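Taken from Swiss-Prot, the feature ATP binding site covers 459-466, 1087-1094, and the record attributes it to sequence analysis. Look at Swiss-Prot and you will find 1-13, 676-686 tagged as compositional bias 'Basic and acidic residues'. According to Swiss-Prot, the compositional bias 'Polar residues' annotation covers 688-697. Swiss-Prot lists 105-391 with the feature domain 'ABC transmembrane type-1 1'. If you look up Swiss-Prot, you'll see 423-647 marked as domain 'ABC transporter 1'. If you look up Swiss-Prot, you'll see 1053-1287 marked as domain 'ABC transporter 2', on the strength of sequence analysis. The region 'Disordered' annotation in Swiss-Prot covers 1-26, 676-703, 1315-1334. Under the heading transmembrane segment, Swiss-Prot lists 106-126, 147-167, 222-242, 247-267, 333-353, 370-390, 718-738, 776-796, 843-863, 865-885, 958-978, 984-1004, citing sequence analysis as support.
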Amino acid sequence: MKEIELDRPEEKKKKVKKEKKIGYGGKKSPEENSNFLSNLTFSWADGFVIHCFRNVLQLSHLWDLASYDKSEYLAKKIAKSWEIEIQKPKPSYLRAGFRAFGKLQLLSIFLYAISVGIQFVGPEILGRMVTFVVESKLGTSTEDPNMGYYYALIMFGTAMIGSFCTYHANRISFRTGDRLRSIIVLDVYKKAIKLSNSARSDTSPGQIVNLMSNDAQRMVEVFGMFNNGALALPQIIICLALLYKKIGWPTFVGLGLMLAAIPFNGMAAKKLTETRKYLVSLSDSRVKATNEILQAIKIIKLYAWEDSFAKKVIEHRNNEIKLLFSYSRYRTILIVIISALPTAAAILVISSYYGHEKSLDASRIFSALSYLNLLRLPLGFLPIIIALGIQMQIAGKRVTDFLLLPEMKDIQQIDNPSLPNGVYMKNSTTTWNKLKEDSFGLKNINFEATGTSLTMVVGSVGSGKSTLVQAMLGELEIIDGEIGIKGSIAYVPQQAWIINATLKENIIFGKELDEERYQKVLEVCALKRDIELFPQGDSVEIGERGINLSGGQKQRVSIARAVYSDADVYILDDPLSAVDSHVGKHLFHKCFKGILSSKTVILVANQLNYLPFADNTVVLKSGEIVERGTYYELINSKLEFSSILEKYGVDENVISKKDDIDEDEDEDQDTIEKVEIDLNKDEKSQPKSKSSNTDGTLISEEESEQGAVAGKVYWKYVTAGGGLLFLVSMIFFLLETGSKTFSDWWLSHWQTESSERMESILLGEEPTGLTDDQNLGIYIGLGMAAVFISVCKNFIYYEYSVYASRAIHHELFNALLKKPMYFFDQTPIGRIINRFTRDLDGIDNLIATSISTFLTLMLTVIATIILVSIIVPFLLIPLAPISIIFFFLQYFYRYTSRGLQRIEAITRSPIFNHFSETLNGVVSIRAYKKQQENILINQKRLDDNNNCYLTLQAMNRWLGLRLDFLANLITFFACIFITIDKDTISPANVGLALGYALSLTGNLNYAALQAADTETKMNSVERISQYIRGAVEAPQIIDDCRPSPDWPINGSIKFDNLVMRYREGLDPVLKGITCEIKAKEKIGIVGRTGAGKSSIVLALFRLIEASEGSISIDGENIAKFGLKDLRRNLAIIPQDPVLFSGTLRENLDPFNERSEEDLFSTIEDIQMSAVVKSLEGGLDSKVTENGENFSVGQRQLIVLARALLRKPKILVLDEATASVDGQSDSLIQATIRNKFSNCTILTIAHRLNTIMDSDRIMVLDAGKISEFDEPWTLLQNQNGLLTWLVDETGPQNAIYLRKLAEAKKNGIDINEIMPIDNETTPKDNINTPPPPPQ
């Protein structure tokens, strides 16, 4: 399995590049080999930045992930902590995480505390600098005249020490958060493999995906800001203490305002918590509904049910959006309160100080303002930390609850050497779900299948055959008794599980290649000829869920996997239903009775003609074994077994002979080879595999745009929420920055003017300008305006962001429903779901904050540089080279950042693809004991993703440190030029300039990082936009060309030179199909695998559009109608019955168009009224995801009921009875004959008895019509393809099929045709069953 999963197509190109040894692939990280200075300055990353500038970054260019960051190492650490935690009454996964990784985080907090302490040096130096200038102007200074230069050096040095501490602290924090994220993803994956059935039924895949994407991501986000949150309160307290030292009691006025805001913050935080809990729940429901649609998209398109299912998802989304509006408003209140606090506090503090002192001291005032500015960061982070802390707490609780769900108990392994290999069940009573009283199960089962035996399990629909299989595998909960297995198990499920890999890898399934055994397996599983027809042979990639194979091919691959595993015990759940009768015969005799003859084989089967060959037969009814024994013992009992034979319409005397058996083996093989040569005499005409590419890949590599995020992506986001609303909010962003800057400038102007007034008074001159009281009033007015503008900006902007989020989801979802079918064939579901989870969550919760923060910081930086340059003009001299260096640093960094962001996103999708695949095949994974191999695959993909993320974070630190250096240089030069110009510059302007210059250190770096972060977040919009644009199906409705309401009236169909290919550039799969089907005709369609049977259905429903030619219904070209108008007037019963979670009523009538009477009448027609009445709620009873609370046979009957309710004029049966037993098959066929007698019916069949009463049979070969006539007429051609197919079913059955064809010709009711009697005895054969006991 490990080999299979690691060789995905999206990784193949990267492996090629790895061979070229570009970059650091396969090497240790340069960080691990760096010296102290290189590590301190992140200089070890210089070479990597240059590499990213020169090359398009690939995953293979990255160095190996450090061993201490690998998920395997982290898993061991968390496992110990979690073991301790689960012993507690209220375990917490977050506590376990802190216990495992907390020590490292303490180091991060220590480093950040040093940085915080150093921040307070700046305001202190600022005050001293202002005093130095004032005293120099007055000539009263006792300090060294060069003291200003010393202050500049102290400011620069301490700021750089703070920067070093900050970035190394952040590096540790992000690493800790990523470790927690990784380990949550891994532990959730491990748990998903082990979930019990009761836990699985209550947990949807969508919920689990949300845990792995959104909830795990919260850890990274929280720990990225953990230090800011942990030290916010100490930082605020120290600021206030230093503020008190500067200005005295007015500090308490500001403190009082902050204390008054606490209750409001608390209320908003509480509301945020409550709203977030509901939001997560609604998100789970939406993702679950979306995932279900994607899993069954083909059926939804065939039924034209897009509107019904879209309504469900949009309803979920609208409920989510309502809460998102509430969440946004509470968050905005929190942001407004905290962001406005420093401005409001400054107004109160300055006003109080002036009121008390009746004058303004520049050194005190501007030091105070610097302290108040330092408060902005911890206060600004508080709402974010509170919101993220709430989300982390909820996420941690959800993860904890999930990890505490009950697990599947391993089946007892018997190691008694005296016992033969096999399955042992003693007095076993089992159930699917202990918590539900009405849960189906098995009662008091005593069963043994041991040694070299073949045991067949039979029973009617819903009797418990598959339930027995699941009990043997340990998938059911044991209420009483014992179940044990001796030996290894191989399992073939009823619906084949195929992994997204090559055909060969699907068969080998992680085991070492034994070429001889492999070739033998291909032979006995009848796969050799199929492989020859694939252009890439067994290296063809068969796609997610095996979309590149027919149902029969998928099942044969599944059987081949089991056979190749060379297990001791084989448990096969109805594997022959999906294959043609002649292939089934080959599999039974060559495989089950051939290569597996030395094994224990348990075969659930609906093909009763094989019963004489079984060593034992078990008969099930209502979850109990009612009969057991050899075939001959059972037919003499005249009990349930005889009843089943009678319902199937098989004479027990006939089946006891050589019915459905091969002719002489050599002769049979010659016949098969001869017909295959005839069928494929023109090799070039054979249809290639669906969607095959020249390199054998099927799944498309995930798109990765190169270069910067395009402007159209930003424009997409801007216009999504309403361009006018965005424009208004941008105006408020400008006004907010302008009002705050102007407010601070006015304070400087006021202090300067106040000093000049004092000088005028002292000189006896008339003072000019505004009075101090007037200046105070203007200052207060400007401050209040800034607060008001901030409130308006936040409310408008965050309202806009929710509108944008709503519009983007709707557009994405609607575009997805309109995608052509080949898009879903090429695109793994996990990748699509990633758009609806991680990417959409980013748009819902992260992009708005990221853009807002970036715009605020960018405008502040611009305002700062302009203001400082006006006050200190000489600063423009060093500012020019500094700006150039800044530009180049940012330019180089963006190449690195973009490459890493995109690879991180691309390496994330395979994690979810693999998870989705695992959930679909979890029973097979457990049966084959492949859990650990899949966990290793998950770890490898996690490590690839983590490597990208941690490298990106290192690059952020690399840039941040260098930008801080530049910002500190600006402050340094500002001090230098102020010292030079100390005799002419205003002290108030010194305070203003240095105060703003000090803020550059943090703001410049944060602005640059936020620019990169915003681009990262916009990648979510970019990836969603990729799905919004691109190929779409034809319109659902064409207003100018709609069919009449009663169309089609007759149901005639005409194919006129129809040519169809799956995609442009591929060979056609239908080649010039021309025929007419009369109204009400019953047409059977047969042909070998790849002949084009299912392609005709795809063309009729326009799932694939015709390349040439046309199809007409009642004389109307179907290409001119909308898809909805076409598909709603057709009906199909597909091979794989699909039910959706909801109610039985919704599954039958999703648009609520039928009356209660119609529904119950239809239920009676399919003979399920007793079952429905026994369900709690009847028609409104719950249907679980995938309809797992119904058997496959019952699901197919419900699908038949859907078709009955449609009352179509044209019905298509696409191998509709392939997966049901004989009784259900007979019921379905009888219902179709009776209820659809006035319909045109096209039947694609594996069981020839279902089509021998057709009016005509169409035999397809290599995409062309080989034969098309009445069954009896075709059977007169001894060299015909239909004749061969009939003969291949075995002599006895061939005679019966000919009688059916003759009866149809003579107008005799086929129900009157009894199976042939024992007068006709075919010649002896090596495969003749043993005679009955005498």
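The backbone N, Cα and C atoms fix where each Cβ goes, and this holds for glycine too.
Given the structure is predicted, the values throughout are model-derived calculations rather than measurements.
Annotated features, which come from Swiss-Prot, shown on the structure.
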{"residue": "Ser463", "record": "ATP binding site", "contacts (Cβ under 8 Å, 6+ apart)": "Leu620, Lys621, Ser622, Gly623"}
{"residue": "Lys465", "record": "ATP binding site", "contacts (Cβ under 8 Å, 6+ apart)": "Val457, Val458, Gly459, Asp573, Asp574, Val604, Leu620"}
{"residue": "Gly1087", "record": "ATP binding site", "contacts (Cβ under 8 Å, 6+ apart)": "Lys1093, Val1259, Leu1260, Asp1261, Ser1266, Leu1281"}
Least surrounded, by Cβ count within 10 Å, of the binding-site residues Val461, Ala1091 is Val461
Among 718-738, 776-796, 958-978, point out the range having the most Cβ pairs under 8 angstroms from the transmembrane segment (865-885).
-> 958-978
Run the contact check on the transmembrane segment (984-1004) against the transmembrane segment (718-738): 3 or more C-beta pairs under 8 Å, excluding pairs closer than 6 in sequence.
-> no
Return the residue, from the listed binding-site residues Gly459, Lys1093, with the maximum count of other C-beta atoms within 10 angstroms of its C-beta.
-> Gly459
Who are the chain neighbours of the transmembrane segment (958-978) in space, where the CB to CB distance is under 8 Å and they lie at least 6 residues beyond its ends?
-> 41-42, 45-46, 49, 129, 133, 148-149, 151-153, 155-156, 159-160, 163-164, 166-167, 170, 865, 868, 872, 874-875, 878-879, 882, 885-886, 889-890, 893, 985, 990, 993-994, 997-998, 1000-1005, 1008-1009, 1012
Which bits of the chain, at least 6 residues beyond where the transmembrane segment (843-863) starts or stops, bring a Cβ under 8 A of a Cβ in it?
-> 221, 324, 328, 384, 717, 730, 733-734, 736-738, 741, 794, 797-798, 801, 804-805, 808-809, 999-1000, 1003-1004, 1006-1007, 1010-1011, 1013-1014, 1017-1018, 1020-1021, 1024
Please average pLDDT over the domain 'ABC transporter 1' (423-647) for the predicted structure.
-> 86
